[in-house]
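According to TrEMBL, the protein has these features:
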| type | residues | note |
| --- | --- | --- |
| DOMAIN | 75-343 | domain 'G-protein coupled receptors family 1 profile' |
| TRANSMEM | 59-84 | transmembrane segment |
| TRANSMEM | 96-120 | transmembrane segment |
| TRANSMEM | 171-191 | transmembrane segment |
| TRANSMEM | 229-250 | transmembrane segment |
| TRANSMEM | 285-309 | transmembrane segment |
| TRANSMEM | 321-346 | transmembrane segment |
Amino acid sequence: MAMLEEGCVGSGVECDLTDSTLEATVEDPSTNLSWINNSLLAVTTELPYIPMQERPETYIVPIVFFIIFVVGVAGNGTLVFMFIKYPTMRNVPNTYILSLALGDLLVVIFAVPFVSLIYVTDHWPFGEFICRLSEFMRDISVGVTVFTLTALSADRYMAIVDPVGKRAGAVAHRSTVAVTVMIWVLAAILATPAGVFSHLSVKDSSKGDIVVCYPFPPWLGMSYRKINVLAKVTVYYVLPLLIISTFYLLMARHLVKAAEPLPGEAQHQRHHIKHVAARRKVAKLVLAFVVIFAICYFPNHVFLLWFYFNPNMKEDYNYFWNAFRCVGFCLGFINSCINPIALYCISGTFRKNFNRHLFCCICPEATQGRTWTTFHFHSSGQHFISTVRKTENFDMSTMNGPEKTAV
């Protein structure tokens, strides 16, 4: 994040700031956060300057990011492993969930370890390549997440509203892979400016030169920064959530009608209810992902809009906005580790197999000799249940289908 210099002191003491340092204040509130942590409060408000080592966020944020890294690698890594190992997982919903896991895994590995230190140090210590890579990966991850959630919502809409017309089998799988590839290509294209324009800038301060990582080139000016922020809020947040909300409103209306009794045999009625329940369960899972995404990115988008479009930003910045910015910054990365947790809580099938694969190394005797009930769920709605003894060739079910036992 673009920051003011650390040597600034408040509470009536004059701050030794140049015009170039003041200009740096509004360059980017999302990269080298430590510089703004050190000085923005003192230069723009009556709040006292607090040394970095005395701030709670200096210790809390790195701990939070360590947890994000461990949970993100373990959860998303296990998801990717299960998808690769078990062909029965490779249906339409799970292909999109794999895309989410890969996007989250990228940002957890290539961004979290580096940006976690910006609350600890007053400069960017990793060089320009890592500066560009971390910004590029963050934008790719956000794009992949929100576009995949939109595609998942559209897929669930078609599965619920028009299950007969929805393609199944190999055709559905190929089209899903094609959509997923297009999502990644689009996300990479939209993330290219961050990868190209991010650079290191050296600022003078009373304590020497401070190196910061900027995502915006100075020669494009403030207008570009405002357009960039507004475009990201629109493309990565507002428009996708509007589209997803539309799909879910239409799905809800259809499910209300589908719950009404149908004329015909009792067996056909039971079969219809079972299919509706299965599709509703997957739709709830996708909705949980969407709600998590909306909550995690809301504070960050609000802060960026306030920071860039509030003409009195320097005067209005206070403890509330400082805390709001820290929370938004952390939540944006928490989103990259929370989807596996949501799956674990919602899907009993995923929970059983996640326990088996993740914890077998910690407590292998707990999984030896067990009988596993697997459920094979296809996008067409056909399903069957089988019981097998645990072996190396264990055939795992998808995480999204209905289960033999309650979730």
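Backbone N, Cα and C define each Cβ position, glycine as well.
TrEMBL annotations: computationally assigned, not manually curated.
Only pairs six or more apart in sequence are counted, and the transmembrane segment (321-346) with the transmembrane segment (96-120) gives three or more Cβ pairs under 8 Å, enough to call it a contact. Within its own chain, the transmembrane segment (229-250) is flanked in space by residues 142-143, 146-147, 149-150, 153-154, 156-157, 161, 190, 283, 287, 290, 294, 297-298, 301, 304-305, 308, which lie at least six positions past its ends and keep a Cβ under 8 Å from the stretch.
Summarised as a single figure, the pLDDT of the domain 'G-protein coupled receptors family 1 profile' (75-343) averages 84.
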